[in-house]
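Engineer: Questions regarding the structure given below will be posed in turn.
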Amino acid sequence: MATPKVAVVGAGVVGLSTALCIAETCPSCSLTVLSDQFSPNTTSDVAAGMLIPHTYPGTPIRVQKQWFKETFAYLFAISNSAEASEAGIHLISGWQVFKNTPKKELPFWSDIVLGFRPMSKAELQKFPQHQFGQAFTTLKCDCPPYLLWLEKRLKATGVQICTRKVADLWELHSEYNIVVNCAGIGAQQLVGDKKLFPVRGQVLKVHAPWVKNFIRDGDGLTYIYPGIHRVTLGGTREEENWSLSPDPGTTKDIFDRCCSLEPSLRGAQDIKVKVGLRPSRQGVRLEREVLSQGGVKLPVVHNYGHGAGGFSVHRGTAKEAARLVGECIAALQGSSSRAKL
């Protein structure tokens, strides 16, 4: 067959990194990224971009661990390169603190982050309301720079990037041989996935350059994540809430909770409020499907539903999606050579 044409729908961190993995593993295909929103207007732009995995009940732990390991290794290599500042990736040390000792003291990812250990009594004195904690070093992506860096890499490999709203994957069948669905929360309408639901997250981005360490409450709701230019304070997890409007009462609550963990934040300046809808489901949907109408077939690869953990596993799931695209290309080439016979 002629050069296979592949469209990736979605331009958040999952869509762009999936497109990059496809470009790297299937260089013979013609690749286009289609989205109605690009940075700085994606859900990924609101995310803190911390590599601390969220657990998906519907996905085996060994699979989640592999995704995280691949993502950590990929970003760690960038953080050790001359491109680290442009890509917005840096190492960051800090603490995860608990009011009560968790049942499982070692999370599944403890041997992938760097220097994971229980906090000392002296360290815990900083957090008088908490009785147990873990210290470790992980990676953080500053989101707009990282998305722009991914876009730049894609353009350098000849990938087309087009602003276009896709209402139905089938509308692409006459232009593309394979479609990759990385539409995030948009997949609920795009493919009618009733298992996908929004988890609203409201965060504050503040200027507080003296805060150098991350602090995360073990429940995952209150966190302080310093970036290169701003500190992200969070947060909320509101299931089935579609509102993108900031709530002033929530802003005050987040600020007060973060100040109770780090009192110096009372002096933070230039507070900006951001809201995003995390595309959540029991497990990431990462699989092949063939759509067909009237004898015409369209192979589709789905890679969406990463919820609060997208940045932690994005490269791992992108590699798997690219492998599935490779299988689709092989199947198409096999059927076209059989057709010639």
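Note that Cβ sites are derived from N, Cα and C of the backbone, with glycine treated the same way.
Straight from TrEMBL, here's the annotation block:
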type	residues	note
BINDING	T43, S44, V166	FAD binding site
BINDING	Y223, R278	D-dopa binding site
DOMAIN	5-324	domain 'FAD dependent oxidoreductase'
SIGNAL	1-19	signal peptide
Engineer: Over all pairs in T43, S44, V166, the listed FAD binding residues, work out the largest Cα-Cα distance in Å.
Structural biologist: 19
Engineer: To which of the binding-site residues T43, S44 does the lowest count of other Cβ atoms within 10 Å belong?
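Structural biologist: Taking T43, S44 as the binding-site residues, the minimal 10 Å Cβ count falls on T43.
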Engineer: Using a 10 Å cut-off, grab the number of neighbouring Cβ atoms around the Cβ of V166 (FAD binding site), all chains included.
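Structural biologist: V166 (FAD binding site): 19 neighbouring Cβ atoms within 10 Å.
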Engineer: Quick one: Cα separation, T43 (FAD binding site) versus R278 (D-dopa binding site), in Å?
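Structural biologist: Cα to Cα, T43 (FAD binding site) and R278 (D-dopa binding site) are separated by 7 Å.
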Engineer: Using the alpha carbons only, what distance in Å do you get between Y223 (D-dopa binding site) and S44 (FAD binding site) once rounded?
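Structural biologist: Pair distance, Cα basis, whole Å: 17 Å.
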Engineer: Taking the Cβ of R278 (D-dopa binding site) as the reference point, list residues of the same chain whose Cβ is under 8 angstroms away and which are at least six residues distant in sequence.
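Structural biologist: Result: T43, I185, P198, V199, R200, G201, R237, H306, G307, A308, G310.
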